[in-house]
């Protein structure tokens with residue numbers, strides 16, 4: 001089992017409150033991703049769960065047991081660090097065996113366990129090398145091996161792939177997911193990369209300024225962002241936002257007039273931000289006039305930057321286009337994909 | 001942009017470096033040379049440099065008059081003992097300052113160093129009295145403790161700078177692996193800091209070996225190390241430069257040899273972290 005419950009957990013460094021009291025439950029076997037811009041408190045939150053930092057308030061429960069003041073090693077967790085943090089004076093074998101040796105496991109069992117892990121991660125050939133002689137990808141595997149060998153209830157990953165190059169990162173991502181499918185252990189994965197979050201997480205926790213902005217599956221956070229921040233953070237290119245006002249169930253902004261068919265459901269005169277994803281803007285349909293500013297052909301798709309009155313928008317077209325800079329086009333927003341946020345509260349408005 | 005280094009420039013630099021090196025080494029060289037002269041040649045004016053009658057009579061005389069072995073042993077015990085004791089205290093101290101710093105850590109470091117700015121003679125009287133009260137006068141234990149305390153700030157400073165270079169995540173990884181504080185320091189930190197600890201040890205042995213103020217003032221006979229052995233040759237009965245030089249040469253020989261063999265270690269240790 002590996003169920004984690006955070007109950008009003010908070011953290012302050014001196015006078016600075018980095019994490020205001022927050023609640024979160026991570027179910028057994030779930031692959032949870034903490035994502036957010038740097039400084040959002042995601043790593044601090046992970047370190048609180050790991051026990052490397054003391055909480056300033058609240059309770060951390062692991063499988064119903066209060067773990068708030070339990071030392072890291074006794075929580076049944078294993079962590080993979082961003083820098084890998086391998087012990088440089090020890091061979092790969094000793095690195096993997098260290099935690100087992102500390103716990104007093106008999107020598108022959110350690111031997112077996114190290115070999116099992118090395119097999120699983122295909123690092124058997126490296127066992128007698130020192131970390132300094134390994135490549136980044138190999139070091140990353142050894143760091144994983146060290147975590148695996150302890151057979152923990154929960155894995156914690158602190159941006160484990162951010163030091164790898166793009167190709168290796170994609171491979172490592174797949175391996176990690178494959179591994180999770182096989183062992184099925186609860187995993188918390190911290191990243192600042194929203195692509196990583198979307199592709200890996202069963203559950204995504206989006207953080208900003210130490211506060212949870214939204215918790216949900218990748219599809220939920222993508223399609224129903226809880227606020228403007230989530231909308232702009234998740235997805236690339238980011239969601240477009242247009243400020244306007246509601247009148248007779250229509251969204252009105254300079255040069256734009258979109259009927260939301262919500263005449264009696266939205267208060268007249270409400271100031272809102274309309275959010276629409278780049279791929280949900282159709283080109284050369286509808287009646288919104290715009291001018292092409294720049295096109296970025298990416299092969300399978302084209303990113304088109306357009307100017308619409310005083311607002312600039314980014315659209316994504318699922319093929320190559322022959323559009324030229326300065327060309328006049330029309331746009332249509334897919335009405336079922338439009339999201340509205342109340343400007344005053346930043347909460348989504350039901351359409 | 002890389003600076004253009006011409007052969008000429010290199011030659012000049014090399015000559016300059018040798019010049020400075022020789023200038024620093026010259027007093028030691030002169031002492032060694034003098035130790036092989038007769039007393040008359042030692043004070044000859046103009047001085048003779050290499051062309052004199054080389055003799056070992058000073059060494060024989062020194063050997064005859066005093067027990068070199070006993071002084072040497074005292075020096076080894078005092079320098080080695082104070083260094084080991086210092087390291088034992090400094091490793092945990094530097095660990096806490098490097099890895100769990102408080103708001104005042106920098107102040108404490110500076111304060112520790114400031115004790116080195118006080119003229120030693122300023123605290124001679126109180127320490128002398130304490131030594132009398134505790135019966136530590138002319139004892140090796142007393143000197144070990146005093147020299148350890150004198151050099152402790154430097155040991156802690158050096159270890160602190162080495163420890164600062166060690167990524168905290170590695171120690172955290174050990175903590176996650178279940179290592180206790182003792183195991184963390186013993187199995188992870190110390191092996192990683194071996195080069196730094198080794199050069200700290202070396203430097204401290206040299207400092208303690210050459211320390212004269214406290215050893216001369218707090219020891220007379222029983223615990224007297226090689227510094228006292230040298231001092232006994234600058235006697236009021238008259239100057240015996242050649243014998244004094246022979247005694248000095250014998251006193252510095254062990255540490256000179258140790259320094260020679262470990263110079264690579266010493267240099268890499270002292271410039272650790274300086275060049276990035």
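Each residue, glycine too, has its Cβ placed from N, Cα and C.
Annotation source TrEMBL lists domain 'ABC transmembrane type-1' at B:72-262.
Among the features that TrEMBL reports, transmembrane segment is placed at B:12-33 (among others). Among residues of the same chain six or more beyond the transmembrane segment (B:12-33), those with a C-beta under 8 A of the stretch's C-beta atoms are 49-50, 245, 248-249, 252, 256.
Per TrEMBL, transmembrane segment is recorded for B:71-96 (among others). Tertiary neighbourhood of the transmembrane segment (B:71-96): same-chain residues 140, 143-148, 151-152, 155-156, 159-160, 162-163, 185, 189-190, 197, 200-201, 204-205, 208-209, 215, 219, 223-229, 251, 254, selected by CB-CB distance under 8 Å and a gap of 6+ residues from either end.
Annotation comment: TrEMBL describes B:108-131 (among others) as transmembrane segment. Sequence-distant contacts of the transmembrane segment (B:108-131), counting only residues of its own chain at least 6 positions beyond either end whose CB sits under 8 Å from a CB of the stretch, comprise 97, 137, 142, 146, 150, 152-154, 156-157, 160, 213-214, 217-218.
Marked as transmembrane segment by TrEMBL: B:143-163 (among others). Same-chain neighbours of the transmembrane segment (B:143-163): 77-79, 81-83, 85-87, 89-91, 93-95, 97-99, 109, 112-113, 115-116, 120, 127, 136, 189, 193, 195-197, 199-200, 203-204, 207-208, 211, 214-215, 218-219, 223, 225, 272-273, counting only residues six or more beyond its ends whose CB sits under 8 Å from a CB of the stretch.
Under the heading transmembrane segment, TrEMBL lists B:184-207 (among others).
With a threshold of 8 Å between CB atoms, the same-chain residues lying at least 6 positions outside the transmembrane segment (B:213-233) that come near it are 62, 66, 68, 71-72, 74-75, 78-79, 120-121, 124, 127-128, 131, 136-140, 142-143, 146-147, 150, 240, 243-244, 247-248, 250-251. Among the features that TrEMBL reports, transmembrane segment is placed at B:213-233 (among others).
If you look at the transmembrane segment (B:240-261), the same-chain residues 6 or more away from its ends with a CB under 8 A from one of its CBs are 28, 31-32, 34-35, 37-39, 41-43, 58-59, 61-62, 66, 68, 71-72, 75-76, 202, 205-206, 209-210, 226-227, 229-230, 232-234. The transmembrane segment annotation in TrEMBL covers B:240-261 (among others).
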